[in-house]
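J.: Below are the structure tokens for one structure; questions will follow.
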Amino acid sequence: MSGAALGIEIVVVFFLALFLLHRYGDFKKQQRMVLFGTLLAWYLCFLIVFILPLDVSTTIYKQCLIDHEAHAQTASVSPVVSNLTTPNTSISASKNTQRVCYKPWSYIPDGIMPVFWRVVYWTSQCLTWLLLPFMQSYARSGGFSIAGKIKTALIENAIYYGTYLFIFGSLLIYVAVHPQWRLSWYELQTIGITAANTWGLFLLVLLLGYGLVEIPRSYWEASRQGHLLIKTYFKAAKLMTEKADSEENLEDVMEEVRKINESIKYNHPLRKNVDTILRKCPVEYQEKMGRNMDDYEDFDDKHNTYPTERSLSKLHKQVIYAVQRHNRTRVQWQILLEQAFHLEDIAKNETSTSRQFVHSFALPEPVGWFRRYIYTPTVEWYWECLLKQWFYRILSVVLSLFSVAVVWSECTFFSTRPVLSLFAVFIQLAERDYNYLYIEMACFITIFFLCTCVYSTVFRIRVFNYYYLASHHQTDAYSLQFSGMLFCRLTPPLCLNFLGLIHMDSAISHQAKEQTAYTSIMGSMRVLSFIANGFYIYYPMLIVILCIATYFSLGTRCLNLLGFQQFMGDEMTSDLIDEGRELLRRERRKRQRIEDGESRRREWRERYAQRDEIAARNRTSMSEMKETNYGETLNSNTNRQAKYTRSSSQAGRDSIELLQGAEPLDFNAETLTDDPLQSEPGRHAGGRYLSMSSSRNRIFDDV
């Protein structure tokens with residue numbers, strides 16, 4: 001199993017990152033470089049989280065080997081100094097020599113982890129500080145060529161890069177003027193890592209303080225169906241306002257596009273840029289603008305003022321943003337409607353005596369084997385109306401206990417004697433028995449909970465619609481890359497903070513123990529002592545204040561006072577709740593009318609389907625009877641037909657084809673002949689019907 005666990009986790013984490021990117025991104029419409037950069041950033045961050053427990057167990061095993069060798073040397077020296085030692089000391093030494101170090105099942109050989117961490121860390125740092133900001137500006141640029149987009153991205157990132165160069169230069173000067181330090185490549189590397197981790201830890205504590213309270217509270221609120229339904233009404237009112245705003249914004253932008261499309265004709269030098277903008281517009285607007293386009297009018301016949309390429313680039317950027325926002329709000333509205341209708345169905349089914357869950361509308365997907373045999377209406381009723389609430393409450397209590405343990409450990413992790421950090425106590429208890437599986441599971445659960453609190457906050461925050469992660473493939477390129485940047489900046493300090501909680505970071509615990517491979521590539525934080533001994537230890541204590549502020553919803557109250565509508569309960573937001581309830585009632589009536597119309601049409605089709613089949617069979621039998629009777633008549637009059645003239649024979653053939661209901665395919669009366677038998681072989685008679693072999697001269701003579 002040596003190295004097998006590492007390979008398995010590398011593959012599993014890749015598919016996890018790919019699944020999340022598929023949920024939030026759009027593989028069909030978004031640029032390949034945007035998707036690749038975001039996938040790589042998410043993958044590297046998730047990889048650090050999943051591989052770090054293996055590094056911890058491997059480090060504990062190495063520490064066991066070191067301790068075993070130390071005890072063996074002590075035991076070999078003890079007979080020489082037996083007269084100077086007490087019997088109890090020799091017995092303890094003999095017991096220590098009997099300790100056996102078991103190799104963990106996920107042991108990673110020496111030399112692999114340092115190289116692995118070095119590649120992962122520096123790749124993620126290059127992404128977050130260099131490539132992703134550039135790609136972010138490139139994707140958001142409204143340029144029409146690659147060179148124009150690159151130029152815009154460089155200009156936008158000049159201030160961004162200059163700020164970080166200024167911070168790095170300040171730290172560099174601080175180290176250079178210090179008389180005890182000598183600048184080397186290792187110290188420069190440590191300064192860069194310290195600066196990045198300091199920025200990440202500053203943001204990490206803010207997001208973690210919010211998530212530690214909000215995640216348990218969200219599950220507790222999810223167990224209260226009435227409260228959740230009222231909150232959904234509030235969301236519906238806000239989303240409808242945003243949806244109307246996005247539609248109005250799209251109309252304004254499309255009006256500008258229409259004016260430019262009419263002013264710039266087919267032979268204008270900027271016409272190709274206008275065509276690029278039109279391709280980004282919705283299909284219905286493209287068709288509407290295409291009808292009024294006159295391609296035969298030259299652009300220089302009228303002395304009009306034409307837009308510049310810079311103004312077209314700005315309009316191109318506005319079109320991309322307006323279309324993306326309109327599509328996102330439209331999809332979110334449909335998702336919110338389904339959630340609201342489902343919550344209303346739960347409220348109605350709670351008082352049902354049949355104990356079978358009944359949906360107001362038909363399910364959008366066909367019923368599969370899972371719903372037919374396992375998740376039946378009875379099982380669905382018990383889960384939605386009884387078990388789900390208690391499950392969420394128990395989960396909320398468990399997560400609350402985890403949050404309390406994290407807050408306590410963040411405030412006491414610097415104390416090594418006595419050990420006050422709860423996570424350090426758990427790991428040290430498992431370390432005595434060398435229970436590596438327990439150590440890895442405890443590390444993974446702790447890191448996963450911390451990452452959930454931080455990453456869920458990243459997915460929830462919203463900055464004036466410029467940064468917004470929306471599921472169901474509705475996240476734009478700018479938000480995807482911004483999330484990748486945040487992940488790469490938050491994950492390394494989060495892992496360092498976790499290693500400090502379990503006393504595996506010697507820069508904080510100040511213990512002479514074997515370091516993990518992850519902390520070895522971070523360098524010694526003692527180069528900047530005021531950060532290692534001050535900021536890294538005392539700043540995480542701020543999480544207590546942030547948790548208290550989140551518990552009392554101080555941030556939500558401040559936003560509400562500033563004019564940003566936030567959900568504050570039934571009394572504070574009653575107007576928006578009533579508005580959302582009325583909107584959902586209107587949508588329910590609209591959907592009910594649509595389903596009633598479809599059901600009526602289905603009933604009419606089923607009612608008249610049998611009658612149509614009977615009428616079709618009657619018509620078929622009547623036509624067969626006519627053909628049979630007419631054939632018998634022809635057989636009985638065969639001898640008399642020989643006495644008729646050629647004109648009578650022609651009239652008979654015309655009558656047969658008229659009764660058979662043959663439809664002519666081609667007819668030309670200009671070159672009509674009396675009889676096709678008189679025409680030359682191989683030549684086409686102009687008056688012939690191509691579907692028949694005889695002409696149609698005086699076809700109605702016998703009628």
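Here the Cβ of each residue, glycine as well, is placed from N, Cα and C on the backbone.
TrEMBL entries are annotated by machine, without manual review.
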J.: Which one of 208-235, 236-263, 348-375, 488-515 shows up in TrEMBL as coiled coil?
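T.: Based on what TrEMBL states, coiled coil spans 236-263.
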J.: Using Cβ atoms and a strict cutoff of less than 8 Å, what residues sit near the transmembrane segment (34-52) while being 6 or more residues removed from its termini?
T.: 6, 9-10, 12-14, 16-18, 20-21, 25, 27, 116, 120-121, 123-124, 127-128, 131-132, 135, 139, 443-444, 447-448, 451, 477, 480-481, 483-485, 487-488, 490-492, 495, 498, 516, 518
J.: Grab the same-chain neighbours of the coiled coil (236-263) for me: Cβ-Cβ under 8 Å, and only residues 6 or more beyond its ends, written as numbers and ranges.
T.: 274, 277-278, 281-282, 285, 288-289, 292-293, 299, 304, 306-307, 312, 315, 318-319, 322-323, 325-326, 328-330, 332-333, 336-337, 340, 565, 576-577, 579-580, 583-584
